[in-house]
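Features reported for this protein in Swiss-Prot:
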- 141-144, 164-173, GLU190, 226-227: S-adenosyl-L-methionine binding site (BINDING)
- 14-335: domain 'DOT1' (DOMAIN)
Amino acid sequence: MVLARFANESTSYNRYNLVVPRDKDDFRPIDDIFQVIETVSQNYIPEDEADYFDNESTGIKRRLRRALAHASEAEFRNVVTDYNEAIERLRRDGSIAQKLDSTHRLNLPLVERILTQIYSRTVSPRVESLRQYENGTDNVYGELLPRFISTIFKETGLKSGQVFVDLGSGVGNVVLQAALEIGCESWGCEMMQNACELAELQQTEFRARCRLWGIAPGKTHLVRGDFLKEQSIIDVLKRADVILINNQAFTPQLNNELINHFLDMKEGCQIVSLKSFVPAAHKIQSRNLNSPINLLKVKQREYWSNSVSWTDVGGTYFIATKDSSRLRAFAESMG
């Protein structure tokens with residue numbers, strides 16, 4: 001058993017059994033210890049203390065790599081002990097708190113590290129349960145990966161005081177990422193039972209992990225059920241700033257039913273989807289004047305390889321902004 005210190009305001013340690021997993025894809029405690037130390041040194045340590053961790057000859061990280069190369073458990077334990085003592089000293093003298101106070105947005109590697117810790121402890125051991133979906137229905141499971149999601153947050157300008165909603169939120173990855181990376185109020189709705197159960201496990205672990213890392217995330221809300229019928233989701237959509245809909249595998253019927261909900265969304269709300277709700281050649285005309293899609297101004301964007309879980313290749317996504325001005329202008333032009 002090895003204890004690795006977190007950089008928060010309490011006496012929190014993560015406990016690790018130094019075992020080698022049978023399967024190469026299973027959780028590797030030694031790798032996680034190294035990654036925790038790497039992440040802490042990059043995000044929590046003031047510049048004037050960085051050399052103790054980063055020095056290429058004598059730094060904690062270099063000594064840790066040397067211990068691994070020597071396959072020496074005693075050497076490894078000694079380095080982790082020195083790391084723990086350094087973190088405790090910096091925590092007590094206020095250096096870590098000062099560093100955190102100057103950080104206004106978490107960088108993506110830290111976000112990914114925390115999300116990976118959560119996922120590996122909750123979803124990974126039970127991932128087989130997610131394979132029980134039906135092709136050709138709306139209940140096909142697939143994940144948008146953290147780097148792609150971070151790009152979406154930047155493209156939409158999502159801010160901490162805003163509201164994010166993920167319709168079809170699966171195991172809750174994106175809901176948690178929005179609350180962690182942006183610090184905003186974050187909602188998700190999912191109807192697949194297995195995914196919902198894993199999402200709730202992730203949410204519990206998320207709260208514990210944020211405490212360990214000394215981070216105050218936005219509030220998360222995970223709702224079980226049909227997002228077209230759940231009243232809490234219908235209500236939050238009216239005040240949402242950014243809505244994510246991974247509609248890659250949705251049936252045309254569900255996509256059409258979703259469109260009617262756009263009427264109640266506020267001006268300026270941005271809807272991000274993998275399939276556009278507005279046909280490419282669509283124009284506002286007198287015969288389609290009452291169509292909800294006339295309220296949407298759409299821009300197309302590209303995502304690159306390794307952005308989604310179901311394919312390695314890139315693709316396109318769409319950001320639709322609710323903007324009634326074009327419809328008003330057309331109506332006025334008709335007299």
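Using the three backbone atoms N, Cα and C, a Cβ is placed for every residue, glycine included.
Known features from Swiss-Prot, placed on the structure.
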residue	record	Cβ neighbours (10 Å)
LEU144	S-adenosyl-L-methionine binding site	25
ASP166	S-adenosyl-L-methionine binding site	28
SER169	S-adenosyl-L-methionine binding site	25
GLY172	S-adenosyl-L-methionine binding site	28
ASP226	S-adenosyl-L-methionine binding site	13
Helix, strand or coil at ASP226 (S-adenosyl-L-methionine binding site), per DSSP? coil
Local confidence of the prediction over the domain 'DOT1' (14-335), expressed as mean pLDDT: 89
Three-state secondary structure, GLY172 (S-adenosyl-L-methionine binding site) (per DSSP): coil
What does DSSP say about ASP166 (S-adenosyl-L-methionine binding site): helix, strand or coil? strand
